[in-house]
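Taken from TrEMBL, the feature active site, nucleophile covers Thr201. Look at TrEMBL and you will find Thr168, Lys190, Thr201, Glu281, Asn400, Ser405 tagged as substrate binding site.
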Amino acid sequence: MTDATTGADAPTSLQSVSDAEGVTAAAGFRAAGATAGLKASGTPDVALVVNDGPQAAVAAVFTSNRAQAHPVIWSRQVVGDGIARAVFLNSGGANCFTGAFGFQTTHMTAEAVGESLGIGAGDVVVCSTGLIGRGDQTFRDHVLHGVALTTDALSETGGPDAAAAIMTTDTRAKQASVSEDGWTVGGMAKGAGMLAPGLATMLVVITTDALLTSDELDQALRAATRVTFDRVDSDGCMSTNDTVVLMSSGASGVTPEVGDFQEALTVVCADLARQLQQDAEGASHDIAIHVVNAANEDDAVTVGRSVARNNLFKAAVFGNDPNWGRVLAAIGTTDAEFDPYAVDVSMNGVRVCHAGAPDRPIDEVDLTPRDTDVLIDLGVGPYSATILTNDLTHDYVHENSAYSS
């Protein structure tokens, strides 16, 4: 396996990542996906994940955008006590900037889920994704209908249905799970556009049957997202709805070493992050920007992100043009510690720039494969980071020029 965030070998003690079961790979969980009529396409648009285990520990991280959707505001409160039994998601509208009516819809959704499951509304996380500004009475009616549909369809094998139901412009469902020593971590994700820290435009639900406290889940989740989802930067646009939820059922009865759980969780998050990148809207190249020998990790991230957000560089990759000058121009806009005339740049294994000057001929670089690696050697320290991004294509512009219509 390859770690999607670092390019290094992934932990070998873990079994191979599976994409078959997602949130129901771990014991103690049921899930469902259904079609409630939110999408004109008639495709599935609501999902529910329920924790039936002996414990209901939860942790979550949310968008850092100051403009936050009503489900984000609600769910922050829900996870505050470290307990949650269910996550309800819709992919037919963001329910953001919809006024007091929109927050009431979120509250009513949680109440409906709670009533159906025999739990309190305060134990229900609510997530939405879709067009910002959508959340009228019709939207509310469809969502509440979706609560009934998904509770009726709950199944211990419903993970794939739930993963399919949270897709928006995604072209495929995204699931991952790993198991070790009698416990499992599994998850699902959606996201294809507005992919940028922090987190990226995404809804992610991760489940585990390991027996851990909410504080342990919180520490592990924050550490994992920092080096995975936070380093996907497809188009530089930050969402209002980003949510990553981690729930523990404790159904395995096994309490793993914190380090072992952290390792497994990071592998799952890295795999899902890579799937998000590979399904980015309109992309024809999946670009990994590896920054090495930085003075500190923050500098490595800053440099990588500056290149990932540079439209001239991204357009050049779309045209299979190894224009390394655009890489140097981008990193020169940062306050990272480096000497511009001591930087090396390699593209797909060919060092095209050495010590701030041309090196091997650019016609040796083959950018026709979808996977594109850019290595930036700052030469000032021992730290490194990898940012995942995509090229800028005609299809991306076309898809986002007509999103609301």
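Every residue gets a Cβ built from N, Cα and C, even glycine.
Feature map: TrEMBL annotations on the structure.
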| residue | record | DSSP class |
| --- | --- | --- |
| Thr168 | substrate binding site | coil |
| Lys190 | substrate binding site | strand |
| Glu281 | substrate binding site | coil |
Study note, to complete from the structure: Thr168 (substrate binding site) has its Cβ surrounded, within 10 angstroms, by a count of other Cβ atoms equal to 23
Review point. How many neighbouring Cβ atoms, not counting its own, are there within 10 Å of the Cβ of Glu281 (substrate binding site)?
Key: 25
Review point. Name the residues of the same chain, 6+ apart in sequence, whose Cβ is under 8 Å from the Cβ of Lys190 (substrate binding site)?
Key: Ser91, Thr129, Ala163, Ile166, Met167, Thr168, Asp170, Lys174, Met202, Leu203, Val204
